[in-house]
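Per TrEMBL, the feature domain 'Cytochrome oxidase subunit II transmembrane region profile' maps to 28-123. The annotation domain 'Cytochrome oxidase subunit II copper A binding' is assigned in TrEMBL to 124-257. Marked as signal peptide by TrEMBL: 1-26. Residues or ranges marked as transmembrane segment in TrEMBL: 53-74, 95-117.
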Amino acid sequence: MATYLPKIFMGLAFLAAMIIAGTAGAAQPEPWQMGFQPAASPVMESINSFHNFLLWIITAITLFVLALLLYCMVRFNAKANPVPSKTSHNTTIEVLWTVIPVLILVAIAIPSFRLLYLEAVVPESEVTIKATGYQWYWGYSYPDNGDFEYFANMIEEPDLAPGQPRLLATDTKVVVPVDTNVRVIVTAADVIHNWAMPAFGVKMDAVPGRLNETWFNASETGIYYGQCSELCGVRHAFMPIEVHVVEKDDFNAWVASAEEEYALNGTIPDSPLDQQTLLADARN
């Protein structure tokens, strides 16, 4: 047995490393998943904590109401209580069922307001991204990091590389540095869309003619996936968001290459429709 212990420990260590890498490497929905995706930002960690706090409260209330119903069914049925009670009111009970719910709501409201403030107030940011929703793709620019803009289209299933998730992978990526406050300015060019990234706790409407803003601070490097979360037409389900969180040096290197690859130079980049037409022609 002793001769096999090192191999067993090596195998367990390898499995643990694969699990950790899989969790941090790509945050995406999993088959039969229950609960939220693993939190990858302070906001999402707060959302998870608040959710778990509410879960305890609603579970206790549900069990209490169920116990009352069962008690009434047994104690006050026609067989156990042939002469029905004619009680019209009870001051003590009425005070309790008014005061206790108010206290519960106050206990819920205080952390709720703190969380809303954390989400709504954008802190001083080092990186700003403008995300523009179109039918049915996203356009991105980095106003503070060079004059470039690009579009992100969903990769069709026949073109997926091994390991890329169906309906979530895009041909170009949003790249941000880890442990950095990132401000996202969200708007739309046609109809209302929504830029949502579950692992970051971000969900912001993209409204034509209006600039909304949100923020996140990704706490771990990896690949994270989201989708448009506002019904926007026939291809609403095909507007994924892919964010790559990298080290700051890697982000700076990517910005330098993106300035060359996606430079506007006074022109407008090809629209995704033109890109898809070229891709279809290439396939044929």
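Each Cβ is built from the backbone N, Cα and C atoms, and glycine gets one as well.
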Practice task
On the DSSP side of things, how many residues of the domain 'Cytochrome oxidase subunit II transmembrane region profile' (28-123) fall into helix, strand and coil, could you say?
Solution key: 64 helix, 0 strand, 32 coil
Practice task
Would you mind splitting the domain 'Cytochrome oxidase subunit II copper A binding' (124-257) into helix, strand and coil residue counts from DSSP?
Solution key: 19 helix, 61 strand, 54 coil
Fill in the blank from the handout: Residues outside the transmembrane segment (53-74) whose C-beta sits under 8 Å from one of its C-beta atoms, at least 6 past its ends, are 80, 104, 107-108, 111
